[in-house]
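Here is what TrEMBL records for this protein:
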{"type": "COMPBIAS", "residues": "61-88", "note": "compositional bias 'Basic residues'"}
{"type": "DOMAIN", "residues": "1-55", "note": "domain 'Lamin-B receptor of TUDOR'"}
{"type": "REGION", "residues": "59-90", "note": "region 'Disordered'"}
{"type": "TRANSMEM", "residues": "145-163", "note": "transmembrane segment"}
{"type": "TRANSMEM", "residues": "183-205", "note": "transmembrane segment"}
{"type": "TRANSMEM", "residues": "226-244", "note": "transmembrane segment"}
{"type": "TRANSMEM", "residues": "256-276", "note": "transmembrane segment"}
{"type": "TRANSMEM", "residues": "387-407", "note": "transmembrane segment"}
{"type": "TRANSMEM", "residues": "413-432", "note": "transmembrane segment"}
{"type": "TRANSMEM", "residues": "453-474", "note": "transmembrane segment"}
{"type": "TRANSMEM", "residues": "486-512", "note": "transmembrane segment"}
Amino acid sequence: MPAVRYQSGEMVMGRWPGSSLYYEVKVLGFDAESSLYTVIYKDGTELELKEPDIKVVRFQTRPRSRSRSPGRRRSRSRSPARTTRRTSSRTAAAIITDAAVPSHRDTRLKDSLEVRLSPLLSSMVKGRTVILNTSSNCLSLPPGAFFWLLFLPSWVFFLVLQVNQEDPSLTNSPPLLPPPGAFWDAQAFGLVVLWIVFQAVLYTLPVGKLSEGMPLRSGERLKYRTNGFFAISVSALAIAAAAHQGVDITYIHSHFLQLTAAAFLVSVLLSVYLYVRSQYAASEQLALGGSSGNLLYDFFKGHELNPRIREFDLKFFCEMRPGLIGWCLINFAMALAEMKQQGLDAPSYSMLLVNLFQLLYVVDGLWNEEAILTTMDLMHDGFGFMLAFGDLVWVPFTYTLQAYYLVRHPVPLSPPAAAAIIALKLVGFYIFRKSNSEKNAFRRNPSDPKLSHLQSIPTATGKSLLVSGWWGVVRHPNYLGDLLMALAWSLPCGFSHLLPWYYMIYFVILLVHRDARDMSECRRKYGSVWDEYCRTVPYRIIPGVY
């Protein structure tokens, strides 16, 4: 095992990738397997550096002087302290205001740096002024978190009310808001809680693989019980048994609004619990993105990274179980409701395709459940209202709108049309699964002999960028597969209304946003290497188009 020269919490100087400039960083941990140190810069940027890219210097703080000094000269080079991207909520309270780099061309590091603490930093970002008040350690954010806290639930309830209209056209006036009592049903709330408890019991059973997560800042690797396929199999048997015993599964369709309200209430209560418990969590257990000091923002983004009750991981459970498996249950209930309302002996071709396509998507995710351990949600995002609401409300009650739509608005589908849609779905699924498998295998073990055929570009962070296989076709082949599958989900609903195409439209907007975010983040993280990568793989999502 290699010797650890720099300890967690130690303040050192780290080289900025792609340059010869060094800046003050804090050591967060050391990965013995890769021999890389995880460090965090003053602007909140977190990178992995090799030992030769780290140096020890003496930091000294001096009172502000009116005379100009080398420590106050401005360097024209970009640095973490002067980044032009939006200021992160993870920014440290102590800021090296002038980057502490000599302005002359000799870039050799001085033995000492003048560090100046500023109580108020104003940074012009994309035409907007973002204020950091370090005296209170509180980030004065735009009212974005407040807006999303109000908008997301309102939008979900609007969709649920609109899809139940005789004419669900989005050009019509919004449906009248029902009286408050129409949203609440004690039985619906009890069923939502019972479903979550049932999934929690399945999650805790000692069945399936005990998988190891990616290294945390402390170097620790958490363990997760990845038995999602077992959970959905048992759930399917339980639902089939309930239907055989005469339980009316179409209750889900007739009480969809009340079930949505119940799930929303559960997500709010869970979010409050998560925020309260995060106040007692150790600093290394907090999410960097949800530690702004702004209560509303941290409540929304999630303050604690991996909240656990003993070995029960709340974030992992909510990401993969009640909402995803509930999505399939709701779709099944809609198929039964269609047969009941339309007087059919079997679901229509359109309803069958929507059910089967989305069931395949969920089953594939649960079969490859271990892959989620390398995603941004699990590795970096805190668990707060954003993820809790998304997992328990957004996924099961908006992703099922196509099946809900088909209950009252049947769309005849000929066998040739059905065959063409199936072919589109299979192509999208193949691209999605193949590309994700390549990425996950490469992230876990780049030196795996099975991946020797893949080409990559090394970066200063110690990581490499794939430029062959599906990742040599476009930069986001998994997005391409997702896009084709979303199209296949929407086509069975026809073109009479825009509402069942909501998921497709939402997904396109989401992909464009993610792509822009990834471009900005990767260019900042990898520097000039990212430009080389973009020249090697010129198309983002669609080959030859975008």
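Cβ coordinates are placed from backbone N, Cα and C, and glycine is handled just like the others.
Listed stretches 183-205, 226-244, 486-512 were compared with the transmembrane segment (413-432); the greatest number of C-beta pairs under 8 angstroms is found for 486-512. Where the transmembrane segment (183-205) meets the stretches 226-244, 256-276, 453-474, 486-512, the count of C-beta pairs under 8 angstroms peaks at 256-276. On the 0 to 100 pLDDT scale, the model's mean across the domain 'Lamin-B receptor of TUDOR' (1-55) is 80.
At the 8 Å Cβ cutoff, the transmembrane segment (387-407) and the transmembrane segment (256-276) share at least 3 close pairs (sequence separation 6 or more) and count as touching.
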